[in-house]
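Here is what TrEMBL records for this protein:
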DISULFID  C146-C178  disulfide bond
BINDING   T303  Ca(2+) binding site
Amino acid sequence: SGIGRNWPWASGGSSILAEFGTLHLEFVHLSHLSGNPVFAEKVMNIRKVLNRLDKPEGLYPNYLNPSSGQWGQHHVSIGGLGDSFYEYLLKAWLMSDKTDEDGKKMYYDAVQAIETHLIRKSSGGLTYIAEWKGGLLEHKMGHLTCFAGGMFALGADGAPSDKTGHHIELGAEIARTCHESYDRTRMKLGPEAFRFDGGVEAIATRQNEKYYILRPEVIETYMYMWRLTHDPKYRQWGWEAVEALEKHCRVDGGYSGIRDVYNNHESHDDVQQSFFLSETLKYLYLLFSEDDLLPFEHWVFNTEAHPLPVLRKDDGNKEENQK
C-alpha cells in the first residue's frame, strides 16, 4: 500500500530504538560505496533528533512515536528493543576512524547513564544490567544484553583516560555473569533471560525464559574479551559452549534450539536460526583464530557480525591522488 506502520504492540504505534537506531553503519558504508551522501545524512539526522530530545535520567527509552516525535513508554533495555542502538554509536565512531565525535560523545554519555541507573551487583557479587520501567528496576538480564560485555571492552580505548581500565573491568564482569548463566544450567547453555531476585542469581525462573535459540551474544563477548585481554579463560568458556552445542543442539539436519536448558533431556524446537551461522559460529571461529584475521583496526562488525571496513581518514586523499 506504500503506507508505513509500526507494530501495534509497540507502545501505541511507536518506532523501536534498536530498529531506527541501528542503520548508521550500513548507510554510512552505502554512502561511501555509492559516493552519494544522502544515505549517511538520513541516519545522522535520526541521531540529531535523539540527541536533542530530553532523555529520562540520560537514558534512551525503547519506543519513540514517529508522529509526535516524543518517547513512548519509558522502558529502557540494553537487551531486546534497545541493544544495537548503543552498539552502533560506538561502532559509528570506530568505523569513521575515530572522527565521528558526536557518536563518541553520545555513546560515553549513554554508558554513564547505564552505569548509574541500570548496572547493579548481586549479593553474590555478580554484576548485571537490569531493565528500567518508568523509574523502577526489573532485576532481569536477557541473553541479548550479554553482548554489552564486549561492547564495553571495545569502547574502553576511547573512554576518558582514567576510565579505560574500568570499562575493560566492566566488560569482564558482564562476561563472568553471562558465563554463570550458562554454567548454572544442566545443558551448560544460557537461557533467554535470567533473574536476580528472591534469592535467585543468574537463573531463569519463568518457563518462557528457559529456552536457548542458538544465540551468539555471550560468545560475542568472549571473542571481544579474548582479543582485548588474551585471558585464556575466554577461550576455555567458548570451548565449553562448543561442547554443549555439539552435545545438545546438533541434530541430523544441522543445529536446533532447546526448549528448556535446565532439563535433563533435550526438547528441540526444530529451528536453526540464521544468526547461528552469521554470528554464533563466526564469533567462535574468531575466538580461536589469530588476531590478524579481521583485525579490529581495519574492520567493524555490524550487529549481525557482517564485517564492514573502517573508513580511513586518508582514504579520500589517496583516491584524489590516484586521479
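Here the Cβ of each residue, glycine as well, is placed from N, Cα and C on the backbone.
Across the structure, the residue listed as 'Ca(2+) binding site' and C146 (disulfide bond) place their CA atoms 13 angstrom apart.
Around C178 (disulfide bond), the same-chain residues six or more apart in sequence whose CB sits under 8 Å from its CB are H143, C146, G149, G190, E217, V218, T221, listed in sequence order. T303 (Ca(2+) binding site) has a Cβ environment of 19 other Cβ atoms inside 10 Å.
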